[in-house]
Amino acid sequence: MRKIIINGGKKLQGEVTVSGAKNSVVALIPAIILSDGVVTLDGVPAISDVDNLIEIIEVMGGSVKRDGETLEIDPRGVKDMPMPFGKINSLRASYYFYGSLLGRYGQAIVGLPGGCDLGPRPIDLHLKAFEAMGASIFYEGEAMRIATDAGQRIKGAHIYMDTVSVGATINTMLAAAKADGRTVIENAAREPEIIDVATLLNNMGARVRGAGTEVITIEGVESLHGTRHQVIPDRIEAGSYIAMAAAIGKGIKIKNVLYEHLESFICKLEAMGVRMTVEEDAIFVEEQGDLKPVDIKTSPYPGFATDLQQPMTPLLLKASGRGKIIDTIYEKRVNHVPELARMGADIQVLGGQIVYNGPTQLSGAPVKASDLRAGAALVTAGLMADGQTEITNIEFILRGYSNIIEKLSDLGADIRLIED
């Protein structure tokens, strides 16, 4: 079993560069199946989710070359076949293969997706969209087959999303890119990652308009070609390092940051009194003085991102006073709370809300990462704490934070990954 060991209490200083967006690349790689030529991605993060997606593409017959942060994928050999269930079941974003395989072959046979356990994340919206486009759904054991009649080309449709969903919006875009006719998505999600996927599709020859707004229109085309695409910076990784820098830094510059992707998050930091300077593509976070408590309520983009409430929680514990966190997106995103309490935090879950009272001096302790962003919170807490913190279940952390051990070590952290 692998663990992360942190000897905390050291102030961090220096520069850290944000990697490409995890939540983009896990959709971009399946999207490439739609291409009739080679596609190159630049800025690909070194995370286990990418490793798993590469393996899936290769098992299906595609060719992949990797050189550092550059990924070259030739999807022309990809076969119409059942997906490798083991990798699919461990990876929530595997559901993006539904849309891309439907668009290419008129059917997809896949295992049900896995990932972090954050409460209900039904794929009903995805399936409703596919059915509106002429597909039928069949359950076969632990797998699901989504298919048009006799593998015919999927049809364009007018689709209204009952709730705002990033995954369903992207999946519908993927299926619609090569559909017969026009697809309109109303009440679409607006996240930057959706714009990134639409940009790749358009560079491949698709006709997607309105990405980043509530209405997206896709005119289906018969074929897509190869291209080269730069993955956008990871706004969640950026926010995680910004919060970490405010909590335990004495001057840290976070590079490769797009401020416009983080406005609601940065507004909360400013309300706390966090001192920072926004540059063209970077944010410099100073060493902090006294901080004020704030209340946080997550909401779909451009609101406060659910993926940032856990990484920000340790910073909130430095504020003088009481505050609360309400996650309206994922109801079970509270599993970091008992772990922080084990480290001495005055924090608890009351009536579905996280209530904290600070400031708190944390102490090192053995803790367990229950999901990706909870793991990021525990890393920050370990850096803040007096003494040694041992984090287990770290595979979640490695799923989403590229080279996190090396990046923190370069800032002066006493952190290491060990095999037990």
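Even glycines carry a Cβ here, placed using N, Cα and C.
These features come from Swiss-Prot:
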ACT_SITE  CYS116  active site, proton donor
BINDING   LYS22, ASN23  phosphoenolpyruvate binding site
BINDING   ARG92, ARG121, PRO122, ILE123, ASP124, LEU125, ASP307, ILE329  UDP-N-acetyl-alpha-D-glucosamine binding site
MOD_RES   CYS116  2-(S-cysteinyl)pyruvic acid O-phosphothioketal
Proximal residue to ASN23 (phosphoenolpyruvate binding site) among binding-site residues ILE123, ASP307, ILE329 (C-alpha distance): ASP307
CB contacts for ASN23 (phosphoenolpyruvate binding site) [other CB atoms within 10 A, all chains]: 24
For LEU125 (UDP-N-acetyl-alpha-D-glucosamine binding site): intrachain residues, at least 6 apart, with Cβ closer than 8 Å: MET161, ASP162, THR163, SER165, GLY167, ALA168
Fewest-neighbour residue among binding-site residues, criterion Cβ within 10 Å, set ASP124, ASP307: ASP124
Integer Cα-Cα distance in angstrom, LYS22 (phosphoenolpyruvate binding site) to ASP307 (UDP-N-acetyl-alpha-D-glucosamine binding site): 12
